[in-house]
Amino acid sequence: MARCCFYTAGTLSLLLLVTSVTLLVARVFQKAVDQTIEKNMVLQNGTKVFDSWEKPPLPVYIQFYFFNVTNPEEILQGEIPLLEEVGPYTYRELRNKANVQFGENGTTISAVTNKAYIFERNQSVGDPTVDLIRTINIPLLTVVEMAQQPFLREIIEAMLKAYQQTLFVTHTVHELLWGYKDEVLSLVHIFRPDVSPNFGLFYERNGTNDGEYVFLTGEDNYLNFTKIVEWNGKTSLDWWTTDTCNMINGTDGDSFHPLISKDETLYIFPSDFCRSVYITFSSFENVEGLPAFRYKVPAEILANSSENAGFCIPEGNCMDAGVLNVSICKNGAPIIMSFPHFYQADEKFVSAIKGMRPNKEEHESFVDINPLTGIILRGAKRFQINTYVKKLDDFVETGNIRTMVFPVMYLNESVLIDKETASQLKSVINTTLIVTNIPYIIMALGVFFGLIFTWLACRGQGSTDEGTADERAPLIRT
């Protein structure tokens, strides 16, 4: 009986250890899990993946921070602007896909993303319909830019004198965000119907969408899950000066493909930034008990480099690191984009304004992604809207102002997975962990039987050494 147990334990130990090593080397269970995820992460009507894509379950909040001008007269005399940050004014962002249509072969799907904003008073510093902000007059600067066209110059100069426009204006937060009717723009609209008589930083963005997208469903390849192939009927942009800079790359930032490696670069096309950007791995994170890869927008995105030369408008007119001239896609308004407080920008932009305090924790854009599923667990998209301003002798409204990039406001669009969704995702991940760890369980059993085999071997050896009483007796007795 003991001999039988001895050989059984040894055989089982050897078989289990060989099997576990074979399974680990061949990655049998890992491949099975990966293939299951790849198969399920496809946009198909009636699936949970499709429902979550069409109506994202995670709450999204957008916080607006304005820079209130405290020394307007001194600025016009050539002094450094002193700005005071006012905010946040927080809105709940409701988003859903609409006009959804599948392509004939099931590999593409078209949709628009409707967004609506609901004010959250308990998360805000005040009432946007009451609170006043003094800021730079962007409509005025826009009209001044139009005056570079000879046939409009005299008309615009006359209008500015007649309406006594000033470089700094005061409006409510609500007006600055969602729009107000501007006197000068209303007059320009008569000559240029394409110019709206209304101005707002997010005018016509509440309850609307930014155009139709065509996405890949992931049917042909999981790496193509929700990747954009067309926006507003175009497969590429036409604002920039090189084909590379005009490319529409990646997803819209709401989702990513599963099975992400920290060595890969992910691409996003945020239409409000007027260009594609990429994000790179930064660190390992844990969100509500779930593992995550943190990806961030690197400083190279807005670097003054040869790779970004195609974003210089006019061609060759490149600004210093940390800012992007997007006037070409903002109806001619002299809008300059940057990260909040000129984070990661050239020091000259920071020192030109009193009140800029850039820091990583509050001003960096990032996204925490579960690498197994590609699901976003936490994220923050942060960027700042500025305007370019300089003294113009023909326009007294500009006074003796310094040439500078002038901050107007910045936003923080954030998302965080809720506990219920995190719990559901955690159960899925735990199940996959059990499956992928089966080889290790088999190996542990092999080690266990190996220990039994060793114990039996040692016990048997001890019994042999000790022997019976007769065996221990001397051969010759006297």
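Numbering starts at 1 and runs along the chain as it is shown here.
Each Cβ is built from the backbone N, Cα and C atoms, and glycine gets one as well.
Per Swiss-Prot, disulfide bond is recorded for CYS274-CYS329 (among others), and the stated evidence type is similarity to another entry. For CYS274 (disulfide bond), the number of other Cβ atoms no farther than 10 Å from its own Cβ, over all displayed protein chains, is 20.
Swiss-Prot lists CYS312-CYS318 (among others) with the feature disulfide bond, giving similarity to another entry as the kind of evidence. Under 8 Å, Cβ to Cβ, and six or more positions away along its own chain, CYS318 (disulfide bond) finds ASN304, ASN308, ALA309, CYS312.
Taken from Swiss-Prot, the feature N-linked glycosylation site applies to ASN45 (among others). There are 11 other CB atoms within 10 A of the CB of ASN45 (N-linked glycosylation site), with all protein chains counted.
Residues within less than 8 Å, Cβ to Cβ, of ASN68 (N-linked glycosylation site) and separated from it by at least 6 positions along the same chain comprise LEU83, GLU84, GLU85, VAL86, ILE133, ARG134, THR135. When secondary structure is read from DSSP and collapsed to three states, ASN68 (N-linked glycosylation site) falls in the strand class. If you look up Swiss-Prot, you'll see ASN68 (among others) marked as N-linked glycosylation site, on the strength of sequence analysis.
Among the features that Swiss-Prot reports, N-linked glycosylation site is placed at ASN105 (among others). Counting every protein chain shown, the Cβ of ASN105 (N-linked glycosylation site) has 9 other Cβ atoms within 10 Å.
Sequence-distant contacts (6 or more apart, same chain, Cβ under 8 Å) of ASN122 (N-linked glycosylation site) do not exist in this structure. Residues annotated as N-linked glycosylation site in Swiss-Prot, with a large-scale study or a structure entry given as evidence: ASN122 (among others).
Annotated N-linked glycosylation site per Swiss-Prot: ASN206 (among others), in sequence order, evidence recorded as sequence analysis. Taking Cβ-Cβ distances under 8 Å and a sequence gap of 6 or more within the same chain, the neighbours of ASN206 (N-linked glycosylation site) are LYS115, ALA116, TYR117, TRP178.
Sequence-distant neighbours of ASN224 (N-linked glycosylation site) (same chain, 6+ apart, CB under 8 A from its CB) are LEU216, THR217, GLY218, HIS257. In the three-state DSSP assignment, the secondary structure recorded for ASN224 (N-linked glycosylation site) is helix. Taken from Swiss-Prot, the feature N-linked glycosylation site covers ASN224 (among others).
The feature N-linked glycosylation site is assigned by Swiss-Prot to ASN249 (among others), with sequence analysis given as support. Sequence-distant contacts of ASN249 (N-linked glycosylation site), defined by Cβ-Cβ distance under 8 angstroms and a gap of at least six in the same chain, are ILE228, TYR267, ILE268, PHE269, SER276, TYR278.
The Cβ of ASN304 (N-linked glycosylation site) has 14 other Cβ atoms within 10 Å, all protein chains considered. Annotation comment: Swiss-Prot describes ASN304 (among others) as N-linked glycosylation site.
Taking Cβ-Cβ distances under 8 Å and a sequence separation of 6 or more, the neighbours of ASN325 (N-linked glycosylation site) in its chain are PHE311, CYS312, ILE313, ASN317, MET319, ILE335, ILE336, TYR388. Annotation comment: Swiss-Prot describes ASN325 (among others) as N-linked glycosylation site.
For ASN412 (N-linked glycosylation site), the same-chain residues that are 6 or more apart in sequence and have a Cβ closer than 8 Å to its Cβ are ILE62, GLN63, TYR65, PRO88, PRO340, ALA380, LYS381, ARG382. The N-linked glycosylation site annotation in Swiss-Prot covers ASN412 (among others).
Summarising the annotation, Swiss-Prot assigns N-linked glycosylation site to ASN430 (among others). Long-range Cβ proximity for ASN430 (N-linked glycosylation site), meaning a same-chain Cβ under 8 A and a gap of 6 or more residues, is found for none. Taken residue by residue with DSSP, ASN430 (N-linked glycosylation site) is part of a helix.
The helix, strand and coil residue counts that DSSP assigns across the region 'Important for interaction with GBA1' (155-191) are 24 helix, 7 strand, 6 coil. Per Swiss-Prot, region 'Important for interaction with GBA1' is recorded for 155-191, and the stated evidence type is similarity to another entry.
Per Swiss-Prot, the feature topological domain 'Lumenal' maps to 28-433; the stated evidence is sequence analysis.
Annotation comment: Swiss-Prot describes 460-478 as topological domain 'Cytoplasmic'.
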Rounding to whole Å, the Cα atoms of ASN45 (N-linked glycosylation site) and ASN105 (N-linked glycosylation site) are apart by 14
In this predicted model, the region 'Important for interaction with GBA1' (155-191) has a mean pLDDT of 88
Rounded Cα distance, in Å, between ASN105 (N-linked glycosylation site) and CYS274 (disulfide bond) is 30
CYS329 (disulfide bond), Cβ-centred 10 Å count of other Cβ atoms over all protein chains shown, is 19
